[in-house]
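Student: For reference, the structure I am asking about is given below.
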Amino acid sequence: MVRKPVVSTISKGGYLQGNVNGRLPSLGNKEPPGQEKVQLKRKVTLLRGVSIIIGTIIGAGIFISPKGVLQNTGSVGMSLTIWTVCGVLSLFGALSYAELGTTIKKSGGHYTYILEVFGPLPAFVRVWVELLIIRPAATAVISLAFGRYILEPFFIQCEIPELAIKLITAVGITVVMVLNSMSVSWSARIQIFLTFCKLTAILIIIVPGVMQLIKGQTQNFKDAFSGRDSSITRLPLAFYYGMYAYAGWFYLNFVTEEVENPEKTIPLAICISMAIVTIGYVLTNVAYFTTINAEELLLSNAVAVTFSERLLGNFSLAVPIFVALSCFGSMNGGVFAVSRLFYVASREGHLPEILSMIHVRKHTPLPAVIVLHPLTMIMLFSGDLDSLLNFLSFARWLFIGLAVAGLIYLRYKCPDMHRPFKVPLFIPALFSFTCLFMVALSLYSDPFSTGIGSVITLTGVPAYYLFIIWDKKPRWFRIMSEKITRTLQIILEVVPEEDKL
């Protein structure tokens with residue numbers, strides 16, 4: 001099922017085109033670097049796919065403050081139950097995306113699936129709010145955690161200056177952008193290494209926890225389902241925190257066109273990753289409770305540090321480094337995946353054409369990567385990022401739910417579509433209901449923030465009609481746009497992709 005772009009995304013004469021040697025015609029007469037076509041290569045193997053999913057799901061939260069679930073359940077047993085249920089439901093969502101990714105073999109994730117099923121307007125609104133607010137703010141938040149924890153070993157006895165955190169954060173963001181601009185292979189290799197660091201950090205917590213259980217340290221699990229008074233009405237909020245902790249399983253679908261043998265790799269990578277993350281999350285929480293009781297966990301600002309100080313002695317000094325590496329992995333994986341979302345949206349005519357162009361030698365979507373840098377820097381040095389993300393958290397579940405509902409629609413509308421991987425219908429149905437529940441919960445628990453988020457999201461509607469539908473733009477605007485694009489092509493050494501889908 002292939003759509004035509006909403007508008008023409010690549011000029012037939014106005015913009016510079018790459019030649020068969022993979023170079024811009026205006027870059028001189030040097031010997032061409034090779035005969036490869038200018039296009040994104042399929043370099044994402046099974047191992048790299050697993051590292052993208054695990055690397056973007058596991059951030060700082062499980063090490064620093066996994067208390068949102070416990071706070072709203074009131075008992076150790078119920079919190080572990082919620083962690084398990086959320087892992088299973090996230091697996092259902094991931095399996096639904098595996099079917100979508102092997103049926104619609106295009107990059108872009110939920111943007112592409114919404115575009116294919118529901119049309120250009122909701123797809124544009126999705127990418128509009130993602131580009132301008134959600135992704136820059138989310139990248140800035142995880143990057144600030146990286147900056148704080150990479151500096152913590154140097155400021156053990158005093159408070160870390162806020163300016164120092166932001167400066168080292170800015171350096172980290174720049175390194176990630178440069179890395180993703182220079183090489184897909186190196187970005188993927190570093191992601192594998194960082195994922196290994198994350199899993200090592202989790203094992204450093206789980207193994208001593210298991211040893212504590214063997215020694216009989218089970219006092220915090222006695223009467224596991226009794227504890228602080230907690231209303232059953234707060235369980236949905238605990239569920240919300242749990243689902244948020246697993247978010248990230250959808251990122252491999254953002255890079256479908258770069259996955260080797262996607263019909264096999266995507267489902268297998270998703271199943272392996274979700275099994276590892278779910279087991280890791282549950283066992284990490286079990287390990288915490290072998291040493292820290294519920295009240296202490298709720299009071300701790302860095303649970304992994306508290307745990308390691310009690311069991312690992314001086315080795316606890318290494319925990320901030322592992323947390324920083326975990327954050328860096330989330331930064332790298334997020335930028336790698338989301339840049340492909342912008343690339344595909346540009347190819348479909350929803351973003352400026354320059355974002356759908358590829359570097360002539362490095363074969364990376366350079367403009368789609370670097371566009372995030374100034375936007376993230378603005379967010380980094382601006383106001384309250386957490387509030388901004390809270391305003392828009394409902395939008396994530398709304399659009400993911402729409403994408404999975406689209407799977408159900410395609411089952412009935414296009415029953416003969418080739419589906420290499422097919423899930424039982426109750427899986428997408430249950431997950432779509434879960435997403436609807438998350439949106440309803442946002443409206444119920446915080447109507448003010450959700451209302452602000454709705455207004456911000458809906459600004460994409462007039463933007464769609466102004467920038468996409470209105471085709472009688474002034475001549476001076478079209479000329480200026482073309483000149484800017486040509487200039488950026490020459491500076492960045494990028495051209496339209498050859499043999500696009």
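Quick reminder: no glycine exception, Cβ is built from N, Cα and C everywhere.
Source: prediction; values computed, not measured.
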Student: Would you say Swiss-Prot puts TRP186 and ASP446 in the same topological domain with respect to the membrane?
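Tutor: Result: no, TRP186 and ASP446 do not share a side in Swiss-Prot.
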Student: Any chance the transmembrane segment (44-64) and the transmembrane segment (131-150) are in contact, meaning at least three CB pairs closer than 8 A with a sequence separation of 6+?
Tutor: yes
Student: Could you check whether the transmembrane segment (235-255) and the transmembrane segment (131-150) come into contact, where contact means at least 3 Cβ pairs under 8 Å with the two residues of each pair 6 or more apart in sequence?
Tutor: no
Student: Tally every other Cβ atom lying within 10 Å of the Cβ atom of TYR244 (L-glutamate binding site).
Tutor: 17
Student: Could you tell me whether the transmembrane segment (194-210) and the transmembrane segment (318-338) have 3+ CB pairs under 8 A, leaving out pairs under 6 positions apart?
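Tutor: Counting Cβ pairs under 8 Å, at least 3, so yes.
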Student: Using C-alpha atoms only, work out the spacing between TYR244 (L-glutamate binding site) and ASN314 (N-linked glycosylation site) and round it to an integer in Å.
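Tutor: Computed Cα spacing between TYR244 (L-glutamate binding site) and ASN314 (N-linked glycosylation site) is 32 Å.
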